[in-house]
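Feature annotations, courtesy of TrEMBL:
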BINDING   Asn13, Arg24, Gly201, Gly222, His223  3-amino-2-oxopropyl phosphate binding site
BINDING   Asp15, His16, Arg51, His56, Thr106  1-deoxy-D-xylulose 5-phosphate binding site
ACT_SITE  His49  active site, proton acceptor
ACT_SITE  Glu76  active site, proton acceptor
SITE      Glu157  site 'Transition state stabilizer'
ACT_SITE  His200  active site, proton donor
Amino acid sequence: MTRIVPPLRLGVNVDHVATLRNARGGVLPDPVRAAQLACAAGADGITAHLREDRRHISDADMRRLKDVLLVPLNFEMAATDEMVALAIDLAPHACCLVPERREERTTEGGLDVLGGGIDLARKVERLGAAGIRVSLFIAPDEDQIARAADIGAAVVELHTGAWCEFVAAGETARAGAEFARLANAARQGAALGLEIHAGHGLDCATAGIIAALEPVRELNIGHFLIGEAIFAGLEGAIRQMRHAMAQGRAAIGTGTAA
Ligand code: PXP
């Protein structure tokens, strides 16, 4: 009997396009144009992170993305009152709550859902009540996942950054242990009724491996795609990624999946 494997969506993060624009000031390159091109090349959704210091994506970028995109917009943000109010006003398809520190170069570590207490639970509830699908970006940790389900998140996005770093450094044993944590977390989250996403640090090789985890339904990828676009064009980079994801997905049920 043929097994039906659920599809795996690709969300493209366009923050780096705004970083490049802001390096010069002015309006080029335009992250909204990049988002439209990404969609034409096969992205299923677009992610943009409106940071508290507005270092890349601006409020106006978020508004334009919401206005022009025909695919779901994922508003990545810190769990602050300011961001919750902005998100409710913008009404994107989804919000992904992440930890945010001003001194970091990119999102480091997952959200502390346990430590977020009732305050975080209320923010998740407010966003959900506004019809926004709420995702929590977390490390593959059992207690954090259980708490994410308890407070009513619809989605957890598993932080793949540590695993990707171990892979890149050739630290095979640590990479294997971290991948096992990701695989367990994906199973645990899905069993609790959460939709499972994954992201951070993924390239074609690591995305292909993660794609073979059946509970994972969406990958969110920025740095590799925007960097590779310099060499292959954004369309080319996204095509490569879709190919790697499709190959990983096709391994499910054949006994060759990780
Ligand atoms: N998912 C989340 C929640 C992130 O914070 C980021 C980085 O902005 C990504 C995915 C994408 O990570 P990368 O740019 O390393 O592909």
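The backbone N, Cα and C atoms fix where each Cβ goes, and this holds for glycine too.
Where TrEMBL records a feature, it is marked here on the structure.
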residue : record                                      : Cβ contacts under 8 Å, 6 or more apart
Asn13   : 3-amino-2-oxopropyl phosphate binding site  : Ile46, Thr47, Ala48, His49, Glu76, Gly199, Asn220, Ile221, Gly222, His223, Leu225, Ile226
Asp15   : 1-deoxy-D-xylulose 5-phosphate binding site : Pro31, Thr47, Ala48, His49, His56, Ile57, Gly222
Arg24   : 3-amino-2-oxopropyl phosphate binding site  : none
Arg51   : 1-deoxy-D-xylulose 5-phosphate binding site : Ile57, Ala78, Glu100
Thr106  : 1-deoxy-D-xylulose 5-phosphate binding site : His200, His223
Glu157  : site 'Transition state stabilizer'          : Cys96, Ser135, Leu136, Phe137, Ile138, His197, Ala198, Gly199, Glu218, Asn220
Gly201  : 3-amino-2-oxopropyl phosphate binding site  : Thr160, Gly161, Trp163, Cys164, Glu165, His223
So Gly222 (3-amino-2-oxopropyl phosphate binding site), by the Cβ count within 10 Å over all chains shown, scores 23
Do you know which of the binding-site residues His16, Arg24, Arg51 end up with C-beta under 6 Å from ligand 1? none
Those active-site residues listed as His49, His200, and which of them has the most Cβ atoms within 10 Å of its own Cβ: His200
Suppose the 1-deoxy-D-xylulose 5-phosphate site is Asp15, His16, Arg51, His56, Thr106. Which further residues of the same chain have a Cβ inside 8 angstroms of that site's Cβ centroid? Asn13, Ala18, Thr19, His49, Arg55, Ile57, Gly222
His223 (3-amino-2-oxopropyl phosphate binding site), Cβ-centred 10 Å count of other Cβ atoms over all protein chains shown, is 15
Chain-internal residues near His16 (1-deoxy-D-xylulose 5-phosphate binding site), provided their CB is under 8 angstroms and they sit 6+ positions away: His56, Gly222, His223, Ile226, Gly227
Would you count the other C-beta atoms found within 10 angstroms of the C-beta of Glu76 (active site, proton acceptor) for me? 28
